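Student: So Swiss-Prot lists these for the protein:
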BINDING   His39, Ser56, Tyr127, Ile128, Asn129, Ser144, His213, Pro214, Glu215, Thr230  iminosuccinate binding site
BINDING   Cys101, Cys187, Cys280  [4Fe-4S] cluster binding site
Amino acid sequence: MFTTAFAQREQTQPGGLPLDLFAAIESLKKELNAVILAHYYQEPDIQDIADFIGDSLQLARAAAQTNADVIVFAGVHFMAETAKILNPEKLVLLPDLNAGCSLADSCPPKEFAAFKAAHPDHLVVSYINCSAEIKAMSDIICTSSNAVKIVQQIPKEQPIIFAPDRNLGRYVMEQTGRDLVLWQGSCLVHETFSEKKIVQLKVAHPQAEAIAHPECESSVLRHASFIGSTAALLQYCQTSPSQEFIVATEPGIIHQMQKLAPNKHFIPAPPINNCACNECPFMRLNTLEKLYWAMKNRTPEITMSEDIRLAALRPMQRMLEMSN
C-alpha cells in the first residue's frame, strides 16, 4: 500500500529492520492495540501511516477519546506528555525522546514560577506548546485553534498572563482587544520567516494568497490573507477559490495540503537566511524506523509524577470544556 522512496531506502538498511516497514508497523499496531497520532509537521511517510493526523487541539481530543492501549505519538515531547496527562493508564511512546520544542524550552518552570508569583492576581492561560510542569502552573490551556475563543470567555476585569508564545499572545491581544501580560517565548521555526522574501514572492506570484500560523511574527502576519492553526490553514486552502498559496508555517503541512487540494500549488515561505531552515529540527527527529523500534521495544515511554499529571490535567480539562 505504501511504496515511498523513504520506505524503500529503509528496507535495505542493516540492524534487523523488517523488509516492509509499513506492514511491520501495521502488524505491531494490531498486536499492541496501538494508535498512531501524528502532527501535520511530521515527515510524509509518518503522516501516511498514522491513524490520526491533526493540530494540537485535534490531537489532544483524539488522545482523550482513544480506546487503544498504546498511544504512539509522532510529534514532539510536550504533545506526548499531553497524551499521558489525559491517559495515565495507557502506554505512551515517543519515537525519539530528543524531539523537544524550542518554544516549550523557552519557558523554564523555575523562571515561570517566579514570573507568575510577580503577578498574583492574574489568571494563567498557557499555550499547549509547553511542558507538563508549566501546564501544572496554569489555569487554562489553549491551542492556536482556540486561543482567541478561550480568552474571550474570560471576564474582562480578570487580568491574564499568556505564556509561552509572545507572537500568539500578541495575535490574541489584537483579536480580543485584551491587554495580556506576555511571557517572552517563541518558536524558532516561525520566527525564521522573512517578511522581505514573502513580499517578493507575492510580487512574483500576484495571484497567490499568503496564509500564516499565528506563531509567526507580526511583520509576517500583516501580509497574510488568512491566519490560523494548522487545521484552519488546511481547511482554508481547500475552500478558498485561490489556486496558489504562500504557506508561512512548518512545511510538513504541505504534504496534507497537496493531498486535500491536489490541483492547487503551495509555496513554502522562505526563511530570513538561505542557511536557515524553516523545517522544525525536532519534528524531523522522528522517522519511520524509530517509529517501528518504539513499537517493537515498547520504549521510549513518556512518564511523569502523578502530582504533576493531576495538576496539569485540570487546565487541560478546562480547555476541552471551553472548546466545545
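Including glycine, each Cβ sits where the backbone N, Cα and C put it.
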Student: Quick one: largest C-alpha distance among His39, Ser56, Tyr127, Ile128, Asn129, Ser144, His213, Pro214, Glu215, Thr230, binding iminosuccinate per the record, in angstrom?
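Tutor: Those residues reach a largest Cα separation of 17 Å.
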Student: Counting other CB atoms within 10 A of each CB, which of the binding-site residues Cys101, Tyr127, His213 comes out lowest?
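Tutor: Result for the binding-site residues Cys101, Tyr127, His213: minimum number of other Cβ atoms within 10 Å at Cys101.
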Student: Residues with Cβ closer than 8 Å to the Cβ of His39 (iminosuccinate binding site), same chain and 6+ apart in sequence?
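Tutor: Residues satisfying the criterion: Ile53, Gly54, Asp55, Ser56, Leu59, Ala74, Gly75, Val76, Met79, Thr230, Gly252, Met283.
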Student: Given the [4Fe-4S] cluster site residues Cys101, Cys187, Cys280, which other residues of that chain have a Cβ within 8 Å of the mean position of their Cβ atoms, reported in sequence order?
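Tutor: My list of surrounding residues reads Val76, Ser102, Leu103, Ala104, Asn129, Leu188, Val189, His190, Glu250, Phe282, Met283.
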Student: Please state whether DSSP places His39 (iminosuccinate binding site) in a helix, a strand or coil.
Tutor: strand
Student: To the nearest Å, how far is the Cα of Cys101 ([4Fe-4S] cluster binding site) from the Cα of Tyr127 (iminosuccinate binding site)?
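Tutor: Counting only the Cα atoms, the answer is 13 Å.
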Student: Given a separation of at least six residues and a C-beta threshold under 8 Å, show me what packs close to Asn129 (iminosuccinate binding site) in the same chain.
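Tutor: Ser56, Phe78, Cys101, Leu103, Ala104, Pro164, Asp165, Cys187 - these are the non-local Cβ neighbours of Asn129 (iminosuccinate binding site), listed in sequence order.
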Student: Is it possible to get the count of other C-beta atoms within 10 angstroms of the C-beta of Cys187 ([4Fe-4S] cluster binding site)?
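Tutor: Step by step: centre on the Cβ of Cys187 ([4Fe-4S] cluster binding site), count other Cβ atoms within 10 Å, giving 24.
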Student: Can you tell me the three-state DSSP label for Cys280 ([4Fe-4S] cluster binding site)?
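Tutor: Going by the DSSP assignment, Cys280 ([4Fe-4S] cluster binding site) belongs to neither helix nor strand, so it counts as coil.
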Student: Would you kindly give the Cα-Cα distance separating Cys280 ([4Fe-4S] cluster binding site) and His213 (iminosuccinate binding site), rounded to the nearest Å?
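Tutor: Computed Cα spacing between His213 (iminosuccinate binding site) and Cys280 ([4Fe-4S] cluster binding site) is 14 Å.
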